[in-house]
Amino acid sequence: MGSTDLNSKPHIVLLSSPGLGHLIPVLELGKRIVTLCNFDVTIFMVGSDTSAAEPQVLRSAMTPKLCEIIQLPPPNISCLIDPEATVCTRLFVLMREIRPAFRAAVSALKFRPAAIIVDLFGTESLEVAKELGIAKYVYIASNAWFLALTIYVPILDKEVEGEFVLQKEPMKIPGCRPVRTEEVVDPMLDRTNQQYSEYFRLGIEIPTADGILMNTWEALEPTTFGALRDVKFLGRVAKVPVFPIGPLRRQAGPCGSNCELLDWLDQQPKESVVYVSFGSGGTLSLEQMIELAWGLERSQQRFIWVVRQPTVKTGDAAFFTQGDGADDMSGYFPEGFLTRIQNVGLVVPQWSPQIHIMSHPSVGVFLSHCGWNSVLESITAGVPIIAWPIYAEQRMNATLLTEELGVAVRPKNLPAKEVVKREEIERMIRRIMVDEEGSEIRKRVRELKDSGEKALNEGGSSFNYMSALGNEWEKSWKTQRSERSLW
């Protein structure tokens, strides 16, 4: 519960789907609403019983405690999905089944929310807000190009014959950069798979909200945001206002149990360390792990590598088990690797305090899976990226970073399609850390860092969008109070 007087200020309700990559940006949005708008916020999260890292993130996020967090028990969906169902399908079905519990929980609140905000996988709960007569919004913690593709998919579905990945030409989106076949999001890889029909539905449901919040900022993608608002382009598809209110990212608090990593970084020269992490759910094959180990060693650069057990399945195999697994990884590296890199690199099992590492001046480049949270953490820290997309919309993110923004380098071929060899890994690292090209990339990412800070500061674009939303919610709340609407 927020304030003692239940009618003293507006309340906003947020709904987060499972997974740290979804929970973290929702937590940050909640904190932004509290600190900028001075509202009370309740976050409903669908927890994951298998994620050991989740409690650590929650403890860190709520210091100091700004939002009320209520966990909804995840429903048992085992009888509703195929055992081999994709992560996307599991999330869509799980969030569909959570609707009765979410509706009951919101109805049981002692206050009437001024607005309900759901994340990308929670769009079916927009109907709950509609039934309760509450303003409804979607929060997409990704970039504008991804939103453009998502809401345009129902039209592409009619225009494109056969599989998207077999098209010879890039798919055109009005007013936006075309999407090449190798860039499409995972649900578009197979139109016969359930995750495609779920994604198709998403494209229809997003424009039914009263507005779309995005964890990015206007100056990062001005052309795409222009297209989303112009009725000659995507405005006729989006239909509702789009509010870029980012870049919202975690702030570095107490480092917890991994302070020795920061102690080690303190001893390294400025911008000398390669940080390697594939996000909260990304995994590599054993063959790729070995090649990456050799590439790091051959580059002759200092590094921190967050390692998970290799997988023989998809690259998102650790999505529901973030932070879990065995700590002993020695059997997965080249013989003698851990001995040879003792004075040069650190291998960290499972999880690391990423926001602390990214904020450290010794870090010179981030070898990343290009999940949007990690992208924002890198840009806002002024750190260049080696783009290594694995799943979801990460291929689109990698293209945006390398070809549009010029703040990253990437392998010639997709890591999800074939193993990236040690020689290419070595070259990519040295391009950033040693070659003149790295200085130019570092300059551009620092300019974006400044741009993001400007957007968030008073008078900036993201500040103004968030303030406008707050004013809208407060006006609605005051109207409800004056009408003494019952709850």
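Numbering starts at 1 and runs along the chain as displayed.
The backbone N, Cα and C atoms fix where each Cβ goes, and this holds for glycine too.
If you look up Swiss-Prot, you'll see His22 marked as active site, proton acceptor, on the strength of similarity to another entry. There are 23 other Cβ atoms within 10 Å of the Cβ belonging to His22 (active site, proton acceptor).
Taken from Swiss-Prot, the feature active site, charge relay covers Asp119, and the record attributes it to similarity to another entry. Within 10 Å of the C-beta of Asp119 (active site, charge relay) there are 26 other C-beta atoms, taking all protein chains into account.
Taken from Swiss-Prot, the feature anthocyanidin binding site covers His22, Ala392, and the record attributes it to similarity to another entry.
Taking Cβ-Cβ distances under 8 Å and a sequence gap of 6 or more within the same chain, the neighbours of Gln354 (UDP-alpha-D-glucose binding site) are Ser277, Val306, Ser374, Glu377. For Gln354, His369, Trp372, Asn373, Ser374, Glu377, Glu393, Gln394, the entry in Swiss-Prot reads UDP-alpha-D-glucose binding site, with the evidence type similarity to another entry.
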Maximum Cα-Cα separation in Å among residues Gln354, His369, Trp372, Asn373, Ser374, Glu377, Glu393, Gln394, which the record lists as binding UDP-alpha-D-glucose: 21
Count of other CB atoms lying within 10 Å of the CB belonging to Ser374 (UDP-alpha-D-glucose binding site): 24
CB within-chain contacts under 8 A for Gln394 (UDP-alpha-D-glucose binding site), separation at least 6: His369, Cys370, Gly371
Which of Glu377, Glu393, all binding-site residues, has a Cβ with the fewest other Cβ atoms inside 10 Å: Glu377
DSSP state at Glu377 (UDP-alpha-D-glucose binding site), helix/strand/coil: helix
Closest of His22, Asp119, Ala392 to Asn373 (UDP-alpha-D-glucose binding site), Cα positions, recorded positions only: His22
From recorded positions His22, Trp372, Ala392, the one whose Cα lies nearest Asp119 (active site, charge relay): His22
Whole-number Å value for how far His22 (active site, proton acceptor) lies from Glu393 (UDP-alpha-D-glucose binding site) (Cα to Cα): 13
